[in-house]
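**Q** Okay, handing you the structure first.
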Amino acid sequence: MINGRYQKEDVVNNNNNLNLNLIEKTLNDLTIKNNTNINNNNTNNKNTNYYNNNNFNNNNNNNNNNNNNNNNINNNNNNNKYLNNSHNNNNNNNNNNNNNNNNNNNNNNNEINNNNNNVLSHSSLSGKGGSTTYETTSYTTSITSSRDTGTISTSYESSSSSSSSSSSSLYDDDEYSDYSDSSDSIDSYVNHRQALSKSQQQQHLQQQQDQPQPLHSSMGAISNEKPPSPTNQQQQQQHHHPKHNIELPKTSSFGLQPNSSIPHKKSRSDFDFIRTIGKGAYGKVKLVIEKETQLIFASKILNKKLIIKEKKAKYVNTEKTILDSLDNPNIVKLFYTFQDENNLYFILEYCPNGDLLGALKKAGCFSIDVVRFYAAEILIALEYLHGKGIAHRDLKPENILLGKNQHLKLSDFGSAKQLSIGSHHKGSRSGSFCGTAEYVCPELLTEKSAGVEADIWSYGCLLYQLVSGKLPFKGFNEYQTFLLITKREFSYPDNFDKCCMNLIDQLLDLDPYKRPTISEIKNHEFFSSIQDWSSIPSQTPPPIEQMVPQSPFPSPNSSLRLKKRSLSVGSPINSSLTYLSQPPIKPLNLDNSNIDYNDFENNQIISNNNNNNNNTTTTTTTTTTSANTSGSTNNTLYFTSPNVTSPPTSMSSNNTPRYINPLPTQSTTTTTTKPAYSSTPSSTILKSTPPPPILSSCSSNNLLGKSSNQQYQPFQFHQQQQQQQQQQQRERSSTTTPSPTFLSNHHNQHQKNLQQSFSSIDKSSFSTSSPMSSPRILLKPTELVLMDKDRKRNIREQQQIDQYQWSRFLLPNDEIILACGITEKRSGLITKKRQLIITDTPRIFYVDPVKMTQKGEITVDGSLSAQQKSSKHFIINSKGRSRHFYDLDGQSKLWVDLINELNMLSFK
């Protein structure tokens, strides 16, 4: 043997001995086992790749070398892809006639261990669901010939490929495909590839015959030396050779085409995108039609760049994995997943009737029968999820869809978490914060962890909302909502179902381990009418009828619940003030449809001051003013002008004043008559100082943000008007239900009074000057620290008068404004005016002074800092984000010093 080649000249005269040695050596090197056949096939199909479930056959049959005493070796130079560990090797009737040595090696059904890198093949395949892992190592024999040297060289090639496809990586191209290892699809592929025509086979044989044959010499024979094993470098090169990279077909489990035996992976081109039917934070949902089947689906499209930027890849993969493992009639189905350069696509079951929130808004609230049925369907879906150890963690009406038969489908598993199976009450818990503020469980706010018990809490909130049409926990902002949740502060409407109320009380337990399990909820009295839970998905849902929502009103002792700040209820000046807890509700059926109850609600508080005016009016509120200390009273009714920082610069087209802010100067007794549709007694006597009402709305040219020290001149009505009003008050006191006609007359007359009274105001008092001096540093944090409680309370009460237009954005009875001023906030190329407010809580937020809505809040923590860039420009940094503000008066240094001082006292 020279340079790894077998020389024919070495074995001319010793054929018998060499063949015997070869047989003995071969038997020693090969470990023979049962149930495997390796056959060397003389057919040289160079361009055919077979997927064979059972055998990889290479047959050497009846190779008779009569003239040159050599074995004519034929090789399969194919990239054969095979799946099982069964190989056949038949060396039949290899006759060497010249030397009369017949060596028959019939190794049928033998498995050969490749300990010496012989002609072996090993493959392993494992896979389940959407994850497939496979390894393949193969060695093939190749023949090279040289006409010049007359030598035959046998070499061995090895290939090894390992691949793993899983849904855990966002950057894998096939990550959003559901993989199927179905043997049926593989058999179909094999049958398709093996269905070659005879002419094609003959063409392959003809090509084989046309190839140059190796030279044979009478002196040549095969050496008994073992063929050389490939070196490590050769193995490494062969391992990365393209023809050895074996890949199984990857396709969705739903991706098999009905008219094709080859699995097809779906892509965007397979669907027609019709229209957008929903939008979310990271993408949108479109109605799509599959071109081949004309089936309708909903495609959830997620933007890749946005997901990576927001670090939400983990949640997207979790949603895909969880949806792929679920199969329940009350859970939306996932059919295909794929991606392109920019987006990820979830092809989901289409629910044509929208979500539960839309149905709830149309109906107002649901009847008990509808609530019971849909609550049962939601419970079935939760039971299925919790049985698999999955917590949804974002249960709300927006994530519950209505199918074509009005049955519920739970969707949106982006916040879902895979926990241990049977984790209720003692299993694993997740510490990540997710969900919606109004439905979040208290343990996630306090303990920073939650399990499947979080779904039970959200289920209780959802049940409350379906019955009443309102949320149980709803504050002015998320912070206030969280306080309501942690204190479990909510109330029920008057006509709330008692049985359902008992169930909700158990569901909304602050202790997560005291909340009932799914089975305990099923056995509750509220679901006693359901005998067969398994028949719920096949039942016809009860019809949804429009109803009047049972609005829950804030409890009187609530200091955190959002209270509507309007002229009808006023704003508290001190802790002794008692105010109406129930804002008026519009009646359903009134004779006069032209009544504007918004204006009626916002313009019915009348205060007192003395001035004569010849006007007539009728009102629903009278004020009795103490005239002297002897206790005698003089019944008069007055309007007073608001004590505002600046007056409005324009009025509406009909000269109707929109803002009247009475300034209380004396102790009064106010009698308020509630409308007929209120549940409280018709006559409620409130003995207190009337509060200054809060502006309910404003226009672009209103009194907000204007500076003026002038006040409106007070005016009063004639004595005859006062007597008429007193007579009307006595009439209203004697009846409990004012008629619609009375309400209409009151509204119309009241509007006339406002027009006449406002026309008497001196127009010179209106100012069109520039916005108020900014910033208005009202109080420094260091000064506030040294104050006692009484002093703080007095400041708070005074601010509710001086800064009343901004007090609606404060936490009730808790916050003191440290600074308040008009600024310009710049975001990119856009600059908008914003009222910047800093409080002692501490809180920093900014308000749109025109729309009177809070536009944003800056987190106050240890990362807070402020920088002065110029006399007007300053930056507030928090949580890695910078917000640019511009002080119009060039006093940016005051803002910076105040913010840094506040941060130092709070967190240093």
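Any Cβ shown, glycine's included, is placed from N, Cα and C.
What Swiss-Prot records for Asp394 is active site, proton acceptor. Marked as ATP binding site by Swiss-Prot: Ala281, Tyr282, Gly283, Lys300, Glu349, Tyr350, Cys351, Asp355, Glu398, Asp412. Feature annotation from Swiss-Prot assigns compositional bias 'Low complexity' to 53-170, 179-189, 200-216, 607-684, 710-741. The compositional bias 'Polar residues' annotation in Swiss-Prot covers 250-262, 696-709. Taken from Swiss-Prot, the feature domain 'Protein kinase' applies to 271-527. Per Swiss-Prot, region 'Disordered' is recorded for 53-267, 538-560, 606-755. The annotation region 'PIF-pocket' is assigned in Swiss-Prot to 302-346 on the grounds of similarity to another entry.
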**Q** Given a separation of at least six residues and a C-beta threshold under 8 Å, show me what packs close to Glu349 (ATP binding site) in the same chain.
**A** Phe297, Ala298, Val332, Lys333, Leu334, Phe335, Gly403, Lys409
**Q** Output, ordered by sequence, the same-chain residues six or more apart from Cys351 (ATP binding site) with a CB under 8 Å from its CB, or 'none'.
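**A** Residues satisfying the criterion: Ala298, Val332, Leu401, Leu402, Gly403, Lys404, Lys409, Ser411.
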**Q** Using DSSP with the three-state reduction, classify Cys351 (ATP binding site) as helix, strand or coil.
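**A** Assignment for Cys351 (ATP binding site) reads coil.
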**Q** May I ask you to report the DSSP-based helix, strand or coil state of Ala281 (ATP binding site)?
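**A** Once the DSSP labels are grouped into three classes, Ala281 (ATP binding site) ends up as coil.
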**Q** I'm checking region-level scores; what's the whole-number mean pLDDT for the region 'PIF-pocket' (302-346)?
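**A** PLDDT averaged over the stretch: 93.
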**Q** Could you count the residues of the region 'PIF-pocket' (302-346) that DSSP puts in helix, in strand and in coil?
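**A** Split into helix, strand and coil, the region 'PIF-pocket' (302-346) gives 18 helix, 13 strand, 14 coil.
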**Q** Non-local Cβ contacts of Glu398 (ATP binding site) (under 8 Å, 6 or more apart, same chain)?
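**A** Asp355, Leu356, Leu357, Asp412 - these are the non-local Cβ neighbours of Glu398 (ATP binding site), listed in sequence order.
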**Q** Which one, from the recorded positions Ala281, Gly283, Asp394, has the smallest tally of other C-beta atoms lying within 10 Å of its C-beta?
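**A** Counting other Cβ atoms within 10 Å of each of the recorded positions Ala281, Gly283, Asp394 gives the minimum at Ala281.
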**Q** When you look at Ala281, Tyr282, Gly283, Lys300, Glu349, Tyr350, Cys351, Asp355, Glu398, Asp412, which the record names as binding ATP, what is the longest CA to CA distance in angstrom?
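**A** Overall maximum Cα spacing for these binding residues reaches 20 Å.
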**Q** Quick one: pull the CA-CA distance for Asp394 (active site, proton acceptor) versus Gly283 (ATP binding site), whole Å only.
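**A** Between the Cα atoms of Asp394 (active site, proton acceptor) and Gly283 (ATP binding site), the distance comes to 18 Å.
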